[in-house]
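K.L.:
Got a structure here, written out as structure tokens. Questions coming.
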Amino acid sequence: MTSANRKDMLKRGAIWGFILLELAFFSIIGDQLSVSDQPFLAYDNMLLVLKQSAPIGIIALGMTIVMINGNIDLSVGATFALAAIVMLDSMTWPFMQAMGDWAIPLAWLFALATGVIMGAINGIIVWKTGVDAFIVTLGAMLGFRGIVFMFNGEQPTSHLNWTLVDFAEAQFLGLHTATWFLLGAALVLWLLMTKTVHGRNAYAIGNNREAAVNAGIRVGPHFIWNFMLIGFLAALSAVVFYSESGSVNPNDGMLYELWAITAVVLGGTKLAGGYGSIISTLGGVIAIQLLRKGLGHIGADTQTVNLVIGLILIAVLVLDRQLNRKGQGELKI
Amino acid sequence: MTDQTPVLRLEGIVKTFPGVRALDGVSFDVRPGEVHALMGENGAGKSTLMKVLGGIHAPNEGQIFVGDEAVTMTSPKHAKAKGVVFIHQELSLADELTVAENIFLGELPLKGFGRVDWGKLYDDTNAILKTLNVGFDAKTRVGDLSIANQQMVEIGRALTVSPRAVIFDEPTASLTDSEKVVLFQVIAGLQEKGVGIIYISHRMEEIFKITDRISVLRDGQYRGTLLTAETNEDDVTKLMIGRSLDLSRSEATHELGDVALEVRGLACGSLFEDVSFKLHKGEVLGFYGLVGAGRTEIAETIFGLRTPSAGTILLNGEEVRITSPIDAVQRGISLVPEDRKDQGLVLGMNCRDNMTLPQVDDLTAGPFVSDGAEIAIFDQYRDKLDIRTPGWRQTVGNLSGGNQQKIVIGKWLSMRPNVLIVDEPTRGIDVGSKSEIHNLIRDLASQGYAVIVISSEMPEVLRVSDRIVAMFNGRIMRDFTAEEVTEDNLIQAISGISEKVA
């Protein structure tokens, strides 16, 4: 193994090392400062961390793919809310209500289709106009959110279906439904990105688009597939989350795009594209959730949590830069 | 030249990086008014030496003297203050700013309250531009200038101080022949003022035309300094690579096959027009001409990157319309592009994945890419092309230029192309790998491949081609066989001097 490869392994492992550090820190400090009697490392608590990682996590997996491909999607939070509304509202339509519990898969299908369509819109615009994905999806973020508000004004959209709630709250082999969705999505996407032609080409396009074009790769369709995929995943995330809660506010999902990007970047994926991994993003998502949970455990409030996460994100990237760039003769600025 | 104290002197410079001795005791000096060539293969330590001179790397041992003064450079700005300035191969200009702002970037003349003294700025700039004898003025936007003129701006930057030593790093890489003449005049002007010049280049012709002495590095070691007037290309090459190179042309020993590609009356807007030629199997057709003569554009049109405005392309006798690179690849046309790093390779990917990129679609087992099939292809072409890499997992960006180019060539050979177009096959590649690539191209022809080689280097086209097409200003001026061609008639054809021969 060459030293470059070893360095690569080390980089991929870093996020998991960070997670271990968090676990150790919060178990030890937690004993002193905890506001609850339960130890931080309690089995139930860890299961909850995974479950709560799911909504942002599923979106972050999609964001990884889009970012490896050299794009970004800022509209996922709005897509998330829109898909949730479609799912909950569709179950109140007369013909759906007449179907009984058979309405559930259909409602899911509607929601997922909404996500795919929103993604396809982004993808087609990015491909056909050549406008930067950042701008296109920024517009989409505002636009989709507008549709969410047009639907029901400031009012929440609610529909509680107990079969659905039971399903969402179920535990299979100990893990919650949401966790299974997160892990399942991670497995499928990992296979997609490491083993298939689409994944290979997505990396190539993100790393050097011109070389990919010269190699006869159709860049546009890959873009569209990836945007459809992230749209689908944003909707899937909504489906899993709102099956349990049954009520969506028009502001739900705001800032989700930024949390997803935070997790992706913590996992080591490059903003510039061409480099990154699904598994590391999973690590990034879990690391953030552990941090929230852990800081909560020792009695910190939400504002403090956000401050700490922000600081850690910057610290990690500074560290990454120091380790990777030092001595390579880069410009001093 | 009365004062013979060297303007710049290096003594026993050593620079080590973990595991590498990048510079190992380099000593030479540059006299006032001298053009001193610094040569060496890629990786010989030239760039490291420049970084030491520019204060980017601190040497572990050794001393730099500017005139009589021992200096420890701390930054390029410090070096400049000491009178040592660099003209880099890669231009680093701000396109949206004016010539004046670029030349005085970071040191704009000021008047009270931190306001820029625009009057002085433009006057000073125009004074510098006058010494360079260029046809644009201080207020021109840099982005509107040609590459050659942008390079003049870069040189102008060096002249804001009175430099004692100017270091040119591959300055002619993107210049046409007439632009080179202008550059050489500027260099001669600096010489007259007693400035010492370090001239880094791979191009022997230039080295022998303008330099006084040649210093050679190999593997970080200083191999000696030769007087240009008393040496020849062969000796320099020997010093650079430790053996002599066979630069003679290998004669065609095989029969030509059928016509693989025929182009009739091809045109693309104002880029080129009325281009017709035939390419046989087993033949290397060289395209020679100045930068901007339309050679690359013809290749890009055949490869589907540009849409022709007139003319037809026939593949194996059959008329085809090629609308995209995907189309071209499917029809068996391959292009090894001019710029390996930007257009040819996915630098962050490993060797194997780069090589199989165009055909990974066909290497699947079920929904997944088959590792075995990919490795088999990689192994086959690594052996065939003698690609030196620790293994297929190696990231392509870490390979040397020659090996990178072989990966690109391997990528297309593995597609078994009907027509292989190679644009500037050895740009930025060191002398040793260069001749390997030349031999490789000849080998491919003898195996029956139809190859087009586009090159700006005359020795290269002369060496590899069976026939040479000379281009000038978007038109084919003449079509030479290997027997007819001489350096003289080729030069005349590409300068538009000779009449067009139908």
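In case you wondered, yes, glycine gets a Cβ from its N, Cα and C as well.
Keep in mind that TrEMBL annotations are predicted by a computer and have not been checked by a curator.
Dumping what TrEMBL says about this protein:
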| type | residues | note |
| --- | --- | --- |
| TRANSMEM | A:12-29 | transmembrane segment |
| TRANSMEM | A:49-68 | transmembrane segment |
| TRANSMEM | A:75-96 | transmembrane segment |
| TRANSMEM | A:102-126 | transmembrane segment |
| TRANSMEM | A:133-152 | transmembrane segment |
| TRANSMEM | A:172-192 | transmembrane segment |
| TRANSMEM | A:223-243 | transmembrane segment |
| TRANSMEM | A:258-291 | transmembrane segment |
| TRANSMEM | A:303-319 | transmembrane segment |
K.L.:
Can you work out whether the transmembrane segment (A:223-243) touches the transmembrane segment (A:133-152), with the criterion being 3+ CB pairs under 8 Å where the paired residues are 6 or more apart along the chain?
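P.N.:
Taking Cβ pairs at least 6 residues apart, the transmembrane segment (A:133-152) and the transmembrane segment (A:223-243) are not in contact, as fewer than 3 fall under 8 Å.
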K.L.:
Between the transmembrane segment (A:12-29) and the transmembrane segment (A:258-291), are there at least three Cβ pairs closer than 8 Å, leaving out pairs fewer than 6 positions apart?
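P.N.:
Yes, since the transmembrane segment (A:12-29) and the transmembrane segment (A:258-291) share at least 3 Cβ pairs closer than 8 Å, they count as touching.
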K.L.:
Same chain only, please: residues at least 6 beyond the ends of the transmembrane segment (A:258-291) with a C-beta under 8 Å from a C-beta of the stretch. Say none if there are none.
P.N.:
11-12, 14-16, 18-19, 22-23, 26, 49-50, 52-53, 56-57, 59-65, 67-72, 76, 182, 186, 189-190, 193-194, 203-208, 305, 308-309, 312-313, 316-317, 320
K.L.:
Taking the transmembrane segment (A:75-96) as the reference, which of A:49-68, A:102-126, A:133-152, A:172-192 gives the largest number of Cβ pairs under 8 angstroms?
P.N.:
A:102-126
K.L.:
Please report, as numbers and ranges, the same-chain residues at least 6 past the borders of the transmembrane segment (A:49-68) whose CB is under 8 Å from any CB of it.
P.N.:
76, 80, 133, 175-176, 178-179, 181-182, 185-186, 189, 192-193, 202-203, 206, 226-227, 229-234, 236-238, 240-241, 256-257, 259-261, 263-264, 267, 269-271, 273-278, 281-282, 284-286, 288-290, 292-293
